[in-house]
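Per TrEMBL, the features are as follows:
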- ASP59: active site, for OMPdecase activity (ACT_SITE)
- LYS61: active site, proton donor (ACT_SITE)
- LYS61: active site, for OMPdecase activity (ACT_SITE)
- ASP64: active site, for OMPdecase activity (ACT_SITE)
- ASP10, LYS32, 59-68, THR121, ARG183, GLN192, 212-213: substrate binding site (BINDING)
- 4-228: domain 'Orotidine 5'-phosphate decarboxylase' (DOMAIN)
Amino acid sequence: MNKPLIIAMDFADKQTADAFLGRFENEKLFLKIGMELFYREGPALVNQWKSEGHDIFLDLKLHDIPNTVKQAAKQLASLEADLITVHAGGGINMMEAAKEGLEAGQPVGSSTKCIAVTQLTSTSKRMLKEELLIEKPLEDTVAEYAGNTDKAGLDGVVCSALEVPLIKEHVRTGFQTVTPGIRQPEHAADDQERIVTPEKAKELGSDAIVVGRSITRADDAVSAYQQINKAWRNET
Ligand SMILES: O=C(O)c1cc(=O)[nH]c(=O)n1[C@@H]1O[C@H](COP(=O)(O)O)[C@@H](O)[C@H]1O
């Protein structure tokens, strides 16, 4: 990955998503297909956008017993997305199973990477302690989950950019940190808790940022994308 800005394509259907993409003319983008769109459109959408030259992050956040995750990852492997996700909370065995399934199902020459969500960027310190009953500080929990992800042999994690420096102390070189919860100061946090500006994400060492609503709901999506990308690439 070359420090991409990944657009979270959180749309209800292909028609709406394609209308949005139409504004970018033929620009090749890194698109995240999440549960909302995949549950509606299925594998055909992955194939179509890949054939149009986009990179694909298929974000289904697998979290189940190891065997179920292994078989699900095997199925997903055939779609040849660039990235897929599991939840690190499923444990090391589950993450190893995801990797096994991915390797077993991957067509020759394909190289889908698998990353694990540590703690969702919508999780606050209060929620971690009072609802998830995790007593350790949030940053330490995220770093430990990243360490587990590394042990399982996955390619990286999803986390807030705030946790990237600590994570990088605990994992091998080349381990990727993909960071959603990106907001510019003028934008509402919505349901996100651990938010960071694109400039700060770069400074903290994120390997990729994921941006949804700040682009998809902007009046001028292309200009919003360009502005955030510039800030992320430190070109402003
Ligand atoms: O796995 C993800 O991509 C993800 C993990 C996480 O911890 N937080 C998070 O926001 N995401 C995704 O990143 C996107 C963020 O969207 P916006 O908040 O609209 O920028 C959504 O599609 C989320 O599903």
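Glycine residues also receive a Cβ, built from the backbone N, Cα and C atoms like all the rest.
When pLDDT is averaged over the domain 'Orotidine 5'-phosphate decarboxylase' (4-228), the result is 97. ASP59 (active site, for OMPdecase activity) sits 11 Å from ASP10 (substrate binding site), counting Cα to Cα.
Contacts of the residue listed as 'active site, proton donor' defined by a Cβ separation under 8 A and a same-chain sequence distance of 6+ are given as MET35, THR85, VAL86, HIS87, VAL117, in order along the sequence. Classification of ASP59 (active site, for OMPdecase activity) by DSSP places it within a strand. Its Cβ placed at the centre, PRO66 (substrate binding site) has 18 other Cβ atoms within 10 Å. Among the binding-site residues ASP10, LEU60, HIS63, PRO66, residues whose Cβ is positioned under 6 Å from ligand 1 are identified as ASP10. Cβ neighbour count for ASP59 (active site, for OMPdecase activity): 25 (other Cβ atoms within 10 Å of its Cβ, all protein chains included).
According to DSSP, PRO66 (substrate binding site) is assigned to a helical segment. Under 8 Å, Cβ to Cβ, and six or more positions away along its own chain, GLY212 (substrate binding site) finds ILE7, ALA8, MET9, ASP10, LYS32, PRO180. Taken residue by residue with DSSP, ASP10 (substrate binding site) is part of neither helix nor strand, so it is coil.
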